[in-house]
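**Q** Starting off with a structure, shown below.
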């Protein structure tokens, strides 16, 4: 963290500028204080004292006065709403160039302090430095890989259910239970997930990587019970990476990039499902190929998991004022979330639609094949659902990062999702592949645009609740309902005497009814005099930090 010794001037003004580039920018926040006199013989002592005060845990920037000056301390501005302890002082916000030399903390510097050198940008007095680091992309890429792999592991068998059933000498319902057990495993371990994520993303990454490595090679054992055990292990890994994107983006990104970062890592999960839907059917064309398919997935998983043990744990300095705000404890966070009507109006539709996505991804093959479609066509339909969704999210996420129109995006996406589930009820029986392709593409676009927006809005409305709490609750609800929907849909499957045999029309009707009934819930957000309940608290926290200097 840079400190400067400058000659004292009678008329000194504060320059305020805010960086527009999130990727390679740094924002320095300097306390409003008296200049340090320019005496060469005590320069070292001044720097040490400044560094010591800046590293105090309470986060306050302390005043340093010239030994020969008798200047009264300036009045402090009141803390901004939601700004935490950083609101206790008056700050200057400056734009500072981010060089490679400043990306590495100085040797022996206290944790949370950046490197100081003669080439660094000059700030006066003690500072709290806000900046982003290039190394965050390494962790983001690793989290993306882990989400791809864990979802691919989930759908290793579903796209080739008939061949897998023949290979393991079990029914197709037993193969469906491999997907169901995977989802139930998420629910079983999600309290542990919240606790580990509370300590930071890296412990969560390492836990997931270890479980994936073990689970994949256990599945290669051969028998159905062994495969089920390995599938459960991979399912236990899922919450540690699926609930991590909001925690990671909150720690490493500013509000100009959090939605995009959350979208990239969260939507990597369905991308893995798309890869499973597309690639596994080409590997497994007969029951004898199942073992080879599992081996290929295990090798890919191993390569993807190993870097998780080497990612950086946290940025050396905070990236934004909101990231320094003290987060509430887990118990208090649960209490706040459970009492908030707005939280439930988002959590319920989110969990239901994630549950239906999990169900349709697992059973799409069985929904379409009775009507004459092939495994390949069903796989392409599932991949289309995901790929179009990824493209749509790649377009909408940066726009929403800039505009912050989270509420509007949710109120547009949810009705479209409900209508798509309703329309898909009749698509398989048309026996024309164009219908399922079109409806699933629109469903994917709306669903994938909803995921990162809903996750970020949950954090914005509940700030300073820890991000992992709302994220894990949302995903746990989706996984639990997904498992239940698979069981219900399997029970609603027609018998061999139906026309066509083993069709899933009743299951499609069930999901359409529930999806449509859910639509009004998020539309009530901000209505009936509750507009103040949907303000973006975390964004306001960051903005208040800048306004303290105006």
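Yeah, the Cβs are placed from backbone N, Cα and C, and that goes for glycine too.
As listed in TrEMBL for this protein:
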- 1-88: region 'Disordered' (REGION)
- 1-11: compositional bias 'Basic residues' (COMPBIAS)
- 37-51: compositional bias 'Basic and acidic residues' (COMPBIAS)
- 137-155: transmembrane segment (TRANSMEM)
- 175-197: transmembrane segment (TRANSMEM)
- 226-248: transmembrane segment (TRANSMEM)
- 260-284: transmembrane segment (TRANSMEM)
- 290-311: transmembrane segment (TRANSMEM)
- 341-360: transmembrane segment (TRANSMEM)
- 380-400: transmembrane segment (TRANSMEM)
- 407-427: transmembrane segment (TRANSMEM)
- 433-457: transmembrane segment (TRANSMEM)
- 469-488: transmembrane segment (TRANSMEM)
- 508-528: transmembrane segment (TRANSMEM)
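Situate these features within the shown structure.
**A** A Cβ distance under 8 Å defines the sequence-distant neighbours of the transmembrane segment (137-155), meaning residues of its chain 6+ beyond its ends; these are 179, 182-183, 201-202, 205, 208-209, 212, 215-216, 231, 234-235, 237-238, 241-242, 244-245, 248, 252, 261, 264-266, 268-273, 275-277, 280, 297, 300-301, 304-305, 307-308, 311-312, 361-362.
Listed by sequence, the residues of this chain that lie at least six past the ends of the transmembrane segment (260-284) yet keep a Cβ under 8 A from its Cβ atoms are 140, 143-145, 147-156, 158-160, 163-164, 241-242, 244-246, 248-249, 252-253, 290, 292-293, 296-297, 357, 361, 364, 375-376, 378-380, 382-383, 385-387, 389-390, 393-394, 397-398, 401, 448, 451-452, 455-456.
Sequence-remote contacts of a segment are chain residues at least 6 beyond its ends whose Cβ falls under 8 Å from one of its Cβ atoms, and for the transmembrane segment (407-427) they are 346, 349, 353, 356, 396, 400, 435-436, 439-440, 442-443, 446-447, 449-450, 453-454, 457, 505, 508-509, 511-512, 515-516, 518-519, 521-523, 525-526, 534.
For the transmembrane segment (469-488), the residues of the chain that approach it from at least six positions outside its boundaries are 176, 179-180, 183-184, 186-187, 190, 193-194, 197, 238-239, 242-247, 330, 333-334, 337, 343, 346-348, 350-359, 362-363, 454-455, 458-459, 462, 507, 510-511, judged by C-beta separation under 8 angstroms.
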**Q** Please report, as numbers and ranges, the same-chain residues at least 6 past the borders of the transmembrane segment (290-311) whose CB is under 8 Å from any CB of it.
**A** 138-139, 142, 145-146, 148-149, 152-153, 156-157, 160, 163-164, 167-168, 202, 205-206, 208-209, 212-213, 216-217, 219-220, 222, 227, 280, 283-284
**Q** Six or more residues out from either end of the transmembrane segment (380-400), which same-chain residues have a Cβ under 8 Å from its Cβ atoms?
**A** 159, 259-260, 262-264, 267, 270-271, 273-275, 277-278, 360-361, 364-365, 368, 373, 406, 409, 433, 436-437, 440-449, 451-453
**Q** To the transmembrane segment (226-248), which of 341-360, 433-457, 508-528 is linked by the most Cβ pairs under 8 Å?
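**A** Answer is 433-457, with the largest number of Cβ pairs below 8 Å.
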